[in-house]
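S.K.: Encoded as structure tokens, here's the structure I'll be asking about.
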């Protein structure tokens, strides 16, 4: 062809020289090369491109014409998707639903166990405490007959029992000067809004005075049992004793006002006050659900709910006693009160379930945490039964839940004695039989609780802390020195082979000793996650700041986010 050159069999041009510019066709000649055999000509290429462009335009016009409302509806009705493409997300959502469904069962199991713990501590005041006071007084009276074999006249536990008994008796007689009927008519004459505000103020005051009251009682017990070198130092018990009496008396009056307000709500004709007071429980959901909660904070809230529910049950009992007295113990009136009582109890249970369900949902807390809380409460009961326990179980419950049985017991004794008149020999026989029944109930409840507590402690694998405490190494200090110092300071008795006595319980630790850890499957169950452990010197004799990482067993009702609020 024309495009071929001599010496080039493929017909391609070399551009005519190194310096000549090459054209689009690969040669210096501006004319396009002729089409080879089997190749389209440039004119054919132009026609093909034009055909493609016109075909693309026709398809575009056709697609625009196909856009219609019917095709859109059809696409929406037949559109599909695959959930397995985001399997992790939907699995997590399903687990959250399962957790919310498990919350009522696990929460009520904790509540049931905690309420019986409070009942055990409450019955102790009426049953075993008078007997222990009688034994302590008998020992004190008969001690000169046997001679002084010990430096102490009474054991520390006996001193505390006598103080509790004396406070109980003094406050009971002081409550006789408070007129319940006058208080009832005074509260009944107030408007509904005022009573609603008063009831809210009483709830807040009850929590505040409980946190301070337990410290007053602890200070009294320690001041009375603290080893003293001089007899003059015993005078310091007197101001602490008067402070404790004043606290128990004021707290009993506060609970009486709460019971009176609830009684007025029950006896109101339109039940509007009762409805408002019940709606106050739902306001509690708003104040707690939308806050960040860790496991330790939820434990404190659970303890508070247990204490609040048990206190409400006692208040309802007081209301029923006062109403039955006014209607001459007519059994028919009890059925009149029964719907209102069920309404209050049901609202309390529903509010607790909803509150805990949403708190666990928003904070990604599993329902298994309530079994850990139950094991922690069971550990308190088991440790209080040890030979060298450093606190009474009722005091342990008071610190853990904020439930102080003395003021509530004073009020209940005052209401029962004023509502029920004991006359005749038969009546006193019934009182003695009733007292024996209370003792039997207390012993039976204690036996069942102790058995269940041992079971829960074993399931949580907490025996190692109960029988062989394991110390955590403080940064910068070897663990061996801490364990040796712990044994020397806590006074754990060992036999000749060096084995630790099973029946001994470590004495209450001072602030400069490291915290104990429980052998548990959950690391977050042991400590608060947002704290930093502080290095505290063991030789210091002054009180130091508490470590932010706390054992769950050391957190009581009045500890929030690792910091005690008293």
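Glycine is no exception: its Cβ is also placed from the backbone N, Cα and C atoms.
As annotated by TrEMBL, region 'Disordered' applies to 1-57, 473-547. Marked as compositional bias 'Basic and acidic residues' by TrEMBL: 1-21, 534-547. What TrEMBL records for 36-45 is compositional bias 'Low complexity'. The transmembrane segment annotation in TrEMBL covers 110-127, 161-178, 241-266, 403-420, 426-451. As annotated by TrEMBL, compositional bias 'Polar residues' applies to 481-527.
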S.K.: So are the transmembrane segment (161-178) and the transmembrane segment (403-420) touching or not, going by 3+ C-beta pairs under 8 A with a sequence gap of 6 or more?
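M.R.: The answer is yes, given that the two segments have at least 3 Cβ pairs within the 8 Å cut-off.
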S.K.: Determine which recorded stretch among 241-266, 403-420, 426-451 has the most C-beta pairs below 8 angstroms with the transmembrane segment (110-127).
M.R.: 426-451
S.K.: Checking distant contacts: for the transmembrane segment (426-451), what same-chain residues at least six beyond its ends satisfy Cβ-Cβ under 8 A?
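M.R.: Same-chain contacts beyond the flanks: 113, 116-117, 119-120, 123-124, 126-128, 381-382, 385.
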